[in-house]
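Copied from TrEMBL, the annotated features are:
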SIGNAL    1-20  signal peptide
BINDING   115, 263  FAD binding site
DOMAIN    305-319  domain 'Glucose-methanol-choline oxidoreductase N-terminal'
ACT_SITE  534  active site, proton donor
ACT_SITE  578  active site, proton acceptor
């Protein structure tokens, strides 16, 4: 754990930028008229609130259950990149999973952002788009070529601006600027704090052919090792809230942002059509407090994420009839796939003790040094505190084409450019399942399965929106998942076996010593698995005439009028990527689809 620092006096004035007023009482919105009501102020919801209100004649209410991202206690923790591993619980939903049968019935903490910006305000800031295969598969499955890589790329670029690293170093050979945006609101950057690992990681790519160098993993081909791009701009986290809910945006007369408020259910509207219409929402701020009902003139858009969106649907009578009946909820629209098909990326940590004092472990144990670095950050926005502590490089890899695992189970990925597993390289002891040693210096790898075949679910625990749902990512429930992650752990050991690491690595950390034989690795996996925080697929997109799934290619809920879903829940398959970049892309196109449907002029 990091030592809790004493913040320099100027630091909060640097980060706590002034914001226009936010609504904090749901009764303030009770008698207002809105064209669109967007539920969830996270990744997608922030985009929609901004893009839909670009036209002054469109009135939007954005509802966020969590807190303000720019003011209040501990807000520095979601603005300063280095503090990502110690973010206060007030910014999180504080979920846990149900017991995971394949992991010795362990329950696992399941962080999700409970704040404007959603999980982009609390995640590890990795900016990875996924492969072109992923989007092309989405286009094939949905029957809408607009979701293909070629068609979605302009929306990806629209979101992003590649900004300079905080140390201002020359980035030639570390990124391909041609595949990045130049004027988008989300700022990305390369690492601006050199690490003792950097040269060794890059040397390994030339010493071992199975780990090739990739100039830019966001080109559509992520395979290989490259320099990490993070959602950090000028030393500060760039979230959906800082990007799309700026002070100028919040001042728009046609946008209201209501925080600290939950949507308890959707309200069916009166309609002459036989198709159920949902244009109403019911709001509450406590389980027993007053309810307020509002109606949108055009659409209600669910952007509550892969946990919240299916929960709200089911609470509203949209879902699997048997599951709704168990909670005494009347079924209005039977969509059995609501809450099903959940996928996530499980990962395990590996650590090695190293022959160096130049690791972040030294900083994390020394409050005096930390405060000196905070002073540097306060004055110049430079140094380790301005950078992503998760590492400076990242790698995406496939099993070899002749792998016995692929011969036995088939290829679970979207295509030949899509990875089976991911390795990240950290200059400190990294783990969510182990205590940090009091002494020693370490390097770590996060070894993640990014092509899982296990499918989990979100189910209701009760008929109350104030009770957390039952979250079951079903980690490692298939033989394929265990086999691929086992091979990934072995690949990590091969990586540090390259000549570049000679005389640097002292020994594996005690927990990782017995991770060479298959049986040992599998036992380690069962004990150490954590979530990479990438749930998706709980309200899947499918072709328009496909009875399965939850939304059509235009993201309208099947067999329903007036209701659309825009968030990670719509992905029918998991991406080999950290999810914020794909979700931004989905939201940007969704904004145009919504505008086109209602005759609203498109932005440039």
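Here the Cβ of each residue, glycine as well, is placed from N, Cα and C on the backbone.
No curator has checked TrEMBL annotations; they are predicted automatically.
When the binding-site residues 115, 263 are compared by the number of other C-beta atoms lying within 10 angstroms of their own C-beta, 263 comes out lowest. Close to the residue listed as 'active site, proton acceptor' in the fold, though at least 6 residues off in sequence, lie 123, 124, 126, 127, 128, 532, 534, each with a CB less than 8 Å from its CB. In this model, the domain 'Glucose-methanol-choline oxidoreductase N-terminal' (305-319) carries an average pLDDT of 98. Around residue 534 (active site, proton donor), a 10 Å sphere centred on its CB holds 24 further CB atoms from the protein chains shown.
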